[in-house]
């Protein structure tokens, strides 16, 4: 199994048992939180499927990507942290590396789509229902996945043998630093453009909401507040994503510029924790920011608890 850096491999293999336990525990905790949190979003969405807005569907699409990360990517890194090496074969290494690239770009592109959705809803409301019809929304999500695969497939098709285990990150990765021109081009198209779109859309949304609040009727005000709350939730998700991924991008830039892995293992492990945390925090953000989601989640959990009680009561009677 190819290993990116022997120094980092020595560092991860030489950890005391106590450190192995702590690192694996926190990785498992993030994995469980991502799995449970995003599953709850799906359950809430299913129970309220007839009342979902277009934005709700886009948020569920984002959660589906996070759920896939918790199922396909995180458990493999947990195993690597426990064993101190890559305990699987090379095909699984390529699979994990491919999934990391695909799901990361899918999440960013979905956030861009949510930002554009908010832009049309707030800034160009007359065109909103035409642009974000049910059919168009499905097509947009298809385009999101297509463009994400355009980012990840070339590395698998033309550089499958380059995927290797990065012991510091406890991840299998594609070493983008080996081709800086290719990496720079991809970063501009698949990271720079979506980031610029998100920034522009939310800037226009903020300006429009600020101006609109000054002169409007009471009915329009109530509608404006509702859309503003949805936009606030979507904006909080973007900030959460940026909080998790900015350190990741900084570390990637350092590695690309230096063309080697010069940082300590702890920073690379922090890198992985932040990547995985980005798939975990969205349900927490929804619960903190969105009153609609909190209420729907409370109803769901109460319903689950109430279904258990009759069973428990029958058990006591039987005894």
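In case you wondered, yes, glycine gets a Cβ from its N, Cα and C as well.
If you check TrEMBL, you get these features:
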type	residues	note
TRANSMEM	24-46	transmembrane segment
DOMAIN	37-286	domain 'G-protein coupled receptors family 1 profile'
TRANSMEM	58-83	transmembrane segment
TRANSMEM	95-116	transmembrane segment
TRANSMEM	137-160	transmembrane segment
TRANSMEM	180-206	transmembrane segment
TRANSMEM	227-248	transmembrane segment
TRANSMEM	268-289	transmembrane segment
- Item | Stretch among 137-160, 180-206, 227-248, 268-289 sharing the most Cβ pairs under 8 Å with the transmembrane segment (58-83) | 268-289
- Near the transmembrane segment (137-160), which same-chain residues lie under 8 Å Cβ to Cβ, leaving out any that are not at least 6 residues past its ends? 54, 57-58, 61, 94, 97-98, 101-103, 105-106, 109-110, 113, 174, 176, 186, 190
- The recorded stretch from 95-116, 180-206, 268-289 sharing the largest number of CB pairs under 8 A with the transmembrane segment (24-46) is 268-289
- Message: Over the span of the domain 'G-protein coupled receptors family 1 profile' (37-286), how high is the average pLDDT in this prediction?
- Response: 88
